[in-house]
Amino acid sequence: MSGTKLEDSPPCRNWSSAPELNETQEPFLNPTDYDDEEFLRYLWREYLHPKEYEWVLIAGYIIVFVVALIGNVLVCVAVWKNHHMRTVTNYFIVNLSLADVLVTITCLPATLVVDITETWFFGQSLCKVIPYLQTVSVSVSVLTLSCIALDRWYAICHPLMFKSTAKRARNSIVIIWIVSCIIMIPQAIVMECSTMLPGLANKTTLFTVCDERWGGEIYPKMYHICFFLVTYMAPLCLMVLAYLQIFRKLWCRQIPGTSSVVQRKWKPLQPVSQPRGPGQQTKSRISAVAAEIKQIRARRKTARMLMVVLLVFAICYLPISILNVLKRVFGMFTHTEDRETVYAWFTFSHWLVYANSAANPIIYNFLSGKFREEFKAAFSCCCLGVHHRQEDRLARGRTSTESRKSLTTQISNFDNISKLSEQVLLTSMSTLPAANGAGQLQNW
């Protein structure tokens, strides 16, 4: 999670190094033994052209890209269109979606290219910009999840200590982005491009890597330890503690401000005097209990959804966080004989990071009724838009036929109405009393 290499959270650069390739691939020892064009063809065939399992990886990245982009945009649109959804929690969810959109657009394509080709094709400027934006989005996601947990903890466990408002939520979001942009500046400073094939640097950009360049060995270790603690371990521990207390309050204890009746599994209230009919006081007490039950259920649904979001985040970022620490702090994988296995681990870890961005909208869809309704409405509008032209053509084609049928129906209905009127009149006449029958017929 600390940069943009394959060792970094959603890294956007190559984890391989020249010593690794030299120890595992003989052709790199003596590239002068090959003609330049022949050597480049060999590199393309052996390293750059996607293998069978890499096509599966490409398909997985495409699916994640589409789901993450469409899903998170729908989340933002749903909250923007509906005023009743502009709650404090939903403001933070929108901010989380914006961070996911940022990392999906700016970093996912570059990571896929680097994972497949092991080459940074995007130049020195983007070598600094893309890793910086990626780490900023990671920091924004972590801080946003922390603010959500803190807000829910105050609202449920200590409702009288702090009152959260939409204005405070918006101010917190601005602070989150400012802090994230500032603390990730070192990541942009240390990123540099270098080539692993100096002899062919003027002829090809193959095996150009975008990696960190530090002045000493102690600095990268300190940086990555701090990055791991600040952006993963410490926030995760605090959020777990907060949600544990929330779980105890919502599922095991009485929520402050609720009655003991609700706490006792919502047993029905019994009036003291047992009146024959429900009195006004009893009705008001029952209404209050019903409101408390509704509030508890709503809080439980929200807490359950946020706990799942946190759990998925922790699972998706755990592999890359561990691999980064092992690589950067302990120097593992620098000289490895099983290069393909290490490459597979890092590649899968990168995909997991982006899969987290795609998973969040899916979680909202399954665990939030309001978001589910908005997603259905959005897809319904899309489907109606696709079939709108076909329906217009069919409607125009049926116009003449329907008009002819309408004319025939009107004539038929006119005849039927006339016959029905005659039948009703005759029936009413036949049911008249005998004494008045002659007079009625005469008057008619």
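Keep in mind that glycine also has a Cβ here, set from the backbone N, Cα and C atoms.
Because the structure is a prediction, the values reported are computed rather than measured.
According to Swiss-Prot:
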- 14-27: compositional bias 'Polar residues' (COMPBIAS)
- Cys127-Cys210: disulfide bond (DISULFID)
- 1-30: region 'Disordered' (REGION)
- 33-49: region 'Required for response to orexin-A' (REGION)
- 1-54: topological domain 'Extracellular' (TOPO_DOM)
- 111-127: topological domain 'Extracellular' (TOPO_DOM)
- 192-222: topological domain 'Extracellular' (TOPO_DOM)
- 327-342: topological domain 'Extracellular' (TOPO_DOM)
- 55-75: transmembrane segment (TRANSMEM)
- 89-110: transmembrane segment (TRANSMEM)
- 128-150: transmembrane segment (TRANSMEM)
- 171-191: transmembrane segment (TRANSMEM)
- 223-243: transmembrane segment (TRANSMEM)
- 305-326: transmembrane segment (TRANSMEM)
- 343-366: transmembrane segment (TRANSMEM)
Local backbone state of Cys127 (disulfide bond), from DSSP in three classes: helix
Cβ neighbour count (within 10 Å, all chains shown) around Cys127 (disulfide bond): 24
Secondary structure composition of the topological domain 'Extracellular' (327-342) [DSSP: H/G/I, E/B, coil]: 6 helix, 0 strand, 10 coil
Segment-segment contact (the transmembrane segment (171-191); the transmembrane segment (89-110)) at 3 or more Cβ pairs under 8 Å: yes
Recorded stretch, among 55-75, 223-243, 343-366, maximising Cβ pairs under 8 Å relative to the transmembrane segment (128-150): 223-243
Best-contacting stretch, by C-beta pairs under 8 Å, relative to the transmembrane segment (343-366) and drawn from 55-75, 89-110, 223-243: 55-75
DSSP-assigned states of the topological domain 'Extracellular' (192-222) in counts, ordered helix, strand, coil: 8 helix, 9 strand, 14 coil
Surrounding CB atoms that lie within 10 Å of the CB of Cys210 (disulfide bond), all protein chains: 28
